[in-house]
């Protein structure tokens with residue numbers, strides 16, 4: 001907490017300019033304004049270190065991972081300049097003839113501006129006649145500041161026909177959204193079924209309402225309002241609807257129909273799309289028919305006694321529909337149970353606790369059938385992104401169901417034991433936010449580097465057919481790809497290490513574009529420079545993703561040992577080569593890595609790496625999948641939650657109360673504390689909480705009267721209530737998942753769940769306290785030095 005506060009104090013609220021190579025940006029927890037002056041904003045790219053070692057021997061000696069966490073579509077605040085769009089017409093972007101890097105600030109113009117030397121491969125290229133410009137007295141083009149690609153780290157190009165995948169490349173194909181709903185009988189009860197089934201019935205009706213709300217609820221929606229791309233005045237996005245149980249129901253909602261028509265596909269082994277005309281429609285033209293359909297769906301299946309469902313054929317059907325329409329798009333699937341019906345992708349319950357703590361535990365994280373991987377590959381090839389909303393009441397095999405959403409750049413949302421009156425707001429927020437995200441479809445990303453090093457490994461919601469092209473059916477503003485680099489030669493201190501990330505994608509309205517991000521890093525032959533330039537938040541993002549990828553193939557015990565050993569090795573190397581001499585018993589950490597042990601301990605205690613039968617297999621698979629696509633800010637909060645005292649808040653101020661360390665020792669019986677980790681939010685009430693605060697927040701006279709079932713705080717007119725809800729809103733802002741609020745009373749049973757987020761303490765299901773882990777790492781360091 002001290003490290004975070006110190007960075008805020010020195011760099012918060014300031015303008016950070018990206019004009020120098022190898023600069024270390026403010027921490028992700030520090031609010032500042034970023035001004036692009038030749039290197040990509042840290043909102044787009046963050047690195048584990050901003051100074052690479054000159055040789056591979058140095059890299060092996062320090063064992064600091066060399067990696068970049070790239071978030072190509074990151075949201076930019078309104079006070080920062082959006083990306084410029086460069087259009088060179090039919091000639092397209094200017095590129096190096098040898099390595100194909102795009103024109104950027106790292107290109108050096110020579111011979112009076114007639115040629116340029118590529119900063120990546122040093123090849124000398126002719127400047128195309130249309131692009132020629134004279135140089136000034138320092139060898140810079142006269143139009144340097146007029147061209148985004150010469151003066152900025154990030155910008156976009158309009159792509160030419162050569163970059164288009166579709167056969168008829170001259171036509172732009174706008175995206176489509178398909179809403180796909182499970183309609184098995186546990187969602188639609190018939191006479192004589194239990195009241196819990198009634199709740200599930202309401203759930204499915206609620207899904208329909210939510211879909212409507214997403215379609216019509218907000219005018220800022222980039223999916224459904226004017227994109228202003230190509231001066232369109234109305235949304236060109238088309239929508240379609242499918243419901244399913246053991247069979248698939250397609251709906252014709254053509255605007256000329258009086259009422260929707262249903263077509264049933266019973267052959268789920270060879271799915272086909274029974275209609276094209278009337279299936280994907282402009283929602284504005286077919287509004288009344290769509291309304292009609294959404295009103296009818298609950299009644300259509302109310303008498304169904306079908307309790308088995310398929311899953312893979314539904315994705316195949318959605319993909320085939322997009323393929324037939326020759327457009328990219330997104331499937332919003334609402335699903336609640338294990339797909340046990342006879343069909344491709346059929347699953348069985350394999351939640352076997354006997355595998356935990358054995359070498360076979362990794363099987364629990366792998367898909368149980370080989371259907372989903374090739375299905376994901378097909379989806380990526382046709383620009384079909386799958387987002388899955390799961391409502392499980394028991395085991396549903398998230399490791400299998402979540403594979404296609406992960407590999408297609410979609411998102412997985414999970415609501416355990418969903419109850420409409422408690423969880424509807426969280427779900428509705430998630431659906432609305434997902435529909436409103438800035439997104440690019442049918443994307444291919446390539447990371448180019450200057451000579452001496454190259455990208456070797458990639459982590460994220462991606463599919464790779466070869467070693468260089470990162471393919472994504474879609475990529476949105478919350479998804480990050482982590483890229484690891486290795487030396488293949490020496491690096492020079494003079495020229496540094498240059499990275500260019502290029503993403504070719506299709507906008508929602510069908511325009512093909514290239515998004516370019518460039519970043520220059522320093523290089524040094526001194527280990528001290530390497531350690532000074534590290535960013536711990538980025539390091540933990542890398543370690544988490546590499547460990548979570550490894551759980552598919554290695555025993556968890558081995559992965560935990562590797563993490564501890566590498567932590568000790570990095571710190572021992574610093575102690576031996578960079579720190580001033582001191583007693584061996586003293587633990588010395590580099591300034592940039594003061595919080596590495598606390599974060600590493602949080603990672604080791606995460607449920608994915610803990611082999612404990614008490615933790616649900618689905619929850620572990622779910623958290624593993626979430627982390628694989630997280631950016632640095634999200635992984636930082638996820639592994640080290642924010643804990644803030646609420647009883648000390650100043651109701652006259654808009655400043656958040658200062659965060660405190662995540663430990664039970666920081667709580668007090670007289671206090672009220674708010675904890676958030678990006679997925680969950682807890683309001684912890686001490687047994688002696690001030691009655692006036694309890695009254696102000698809950699409108700009840702005392703601690704004993706507080707109802708812990710509520711998931712939303714009452715909207716009261718007093719300052720306590722308004723300020724607390726404002727603080728919760730600020731913490732929720734910019735986070736990809738809507739955090740469900742849980743009210744926790746001190747010394748009551750639910751407090752156990754809250755305590756597992758106090759990450760500096762000994763873990764509820766195992767895992768050291770921070771102090772014990774520090775001692776363990778110190779002992780390892782001493783052994784390495786001896």
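Positions of Cβ are set from backbone N, Cα and C atoms, glycine also.
Record features, source TrEMBL:
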- 93-131: domain 'Zinc finger Sec23/Sec24-type' (DOMAIN)
- 234-434: domain 'Sec23/Sec24 trunk' (DOMAIN)
- 440-523: domain 'Sec23/Sec24 beta-sandwich' (DOMAIN)
- 536-635: domain 'Sec23/Sec24 helical' (DOMAIN)
- 654-727: domain 'Gelsolin-like' (DOMAIN)
Structural state census, the domain 'Sec23/Sec24 beta-sandwich' (440-523) (DSSP three-state): 0 helix, 54 strand, 30 coil
Contacting positions for the domain 'Zinc finger Sec23/Sec24-type' (93-131) when only residues 6+ beyond its ends and CB under 8 Å are counted: 38-39, 86, 139-141, 149-153, 157, 448-451, 495, 498, 500, 502, 514, 516, 518, 520
Overall pLDDT for the domain 'Zinc finger Sec23/Sec24-type' (93-131), taken as the rounded mean: 97
Closest-packing stretch to the domain 'Sec23/Sec24 beta-sandwich' (440-523), where packing means Cβ pairs under 8 Å, from 234-434, 536-635, 654-727: 234-434
Number of helical, extended and coil residues in the domain 'Gelsolin-like' (654-727), per DSSP: 23 helix, 12 strand, 39 coil
Residue counts (helix, strand, coil, in that order) that DSSP gives for the domain 'Zinc finger Sec23/Sec24-type' (93-131): 6 helix, 11 strand, 22 coil
DSSP-assigned states of the domain 'Sec23/Sec24 helical' (536-635) in counts, ordered helix, strand, coil: 66 helix, 0 strand, 34 coil
